[in-house]
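Student: Quick one: structure below, then a few questions.
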Amino acid sequence: MRVLGIETSCDETAAAIVERDDMGEGRILSNVVLSQIAEHEPYGGVVPEIAARAHVEALDRLVDRALNDAGLKLYEVDAVAATAGPGLIGGLIVGLMTAKALAMAAQKPFYAVNHLEGHALTARLTDGLPFPYLLLLVSGGHTQMVLVRGIGDYERLGTTIDDALGEAFDKTAKLLGLPYPGGPAVERMALQGDQKRFALPRPLKGEARLDFSFSGLKTAVRQTATELVPLTDQDVTDICASFQAAVADTLSDRVGRSLERFKTEFPDCATPSLVVAGGVAANKTLRAALENLCTRHGFAFIAPPLNLCTDNAAMIAWAGAERAATQAPDSLDIAPRSRWPLDEKSAPVFGTGRRGAKA
């Protein structure tokens, strides 16, 4: 089965075609992504109106390019899939309406995909990973620990009770006068810094619950920077290194407890695995810390290629293909959802968490 996927949930416009065979193995035929960093950089963050307009301007030609790169015509794909949420509502509307129109014109089945499910299933595309496994999703809009039991069967073990990790990176960068996007900027500066200079907090470390918290760490960074004004270059690099070390320790504590819980629930699992996805998963220091953690616990550490960790349409096409193998198509009447939890059975987190894109 060949599926055309479309992703427009935030500030990347993307189209891709993925093939899934009868054995459940996947192959990416094309994967086109257009970033909007240049459009949003002057504002220090994503502006929803600008993002939606940029999607409108770019999406048609990206779909054409994805088809051309795959050597296919629209009528030769077997289904169309698009992100229906969560995300910025303007961008979701652009992608969803385009995908519906293409599906209707070509008389192909349509699948509305949860963006988080795309991240959750990427390791099955890249590594053929069997169920069950653990997913750590770390991005600008999410920080979640998820147990993936099967297609559509997800249990949220932990989530952020305030800021997403990617947002904490971006806010730290902004406090220190670093360029947008903040995550890569903080990582670059941290390489030159002393991570032991500042004793920043490790929120919720040692607690039994598996939730995350980063607002206190962000506040500590602000207080530290304020006390040092005017900041020297060495101050900035040391704050970045100390911040990144605190994040690595916090993730290791939360994830370590999740690995122990997984082994208790699935003692006979032959291939216990931790998958890390989302834009923050591109951070090499955090990857190394989590990989070492997995080695100590006897887990395989799986991080998709960097271009598949950040937002892309290949993961959306693949999620559509996985669902198409066992589920009926979605109605063309389906509406976009700016908020759409992957695990709809778990109690929602009220009054906390990111209030913005893909919250």
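Note: Cβ is positioned from N, Cα and C throughout, glycine not excepted.
The following feature annotations were taken from Swiss-Prot:
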BINDING   HIS115, HIS119, ASP311  Fe cation binding site
BINDING   LEU137, VAL138, SER139, GLY140, GLY141, ASP170, GLY183, ASN283  substrate binding site
REGION    328-359  region 'Disordered'
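Describe each of these features in terms of where it is and what it packs against.
Tutor: DSSP assigns HIS115 (Fe cation binding site) to a helix in the three-state reduction.
Taking all protein chains in view, 24 other C-beta atoms sit within 10 angstroms of the C-beta of LEU137 (substrate binding site).
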Student: Hey, does DSSP put GLY183 (substrate binding site) in a helix, a strand, or just coil?
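Tutor: DSSP call for GLY183 (substrate binding site): helix.
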Student: Where the distance is taken from Cα to Cα, which of the binding-site residues HIS115, HIS119, ASP311 turns out closest to ASP170 (substrate binding site)?
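Tutor: Of the binding-site residues HIS115, HIS119, ASP311, ASP311 has its Cα closest to that of ASP170 (substrate binding site).
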Student: Using Cβ atoms only, which residues of the same chain lie under 8 Å from ASN283 (substrate binding site) while being at least 6 residues apart in sequence?
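Tutor: Residues satisfying the criterion: GLY183, GLU187, GLN244.
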Student: Calculate the distance in Å between the alpha carbons (Cα) of LEU137 (substrate binding site) and HIS119 (Fe cation binding site), and round it to a whole number.
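Tutor: A Cα-Cα distance of 8 Å.
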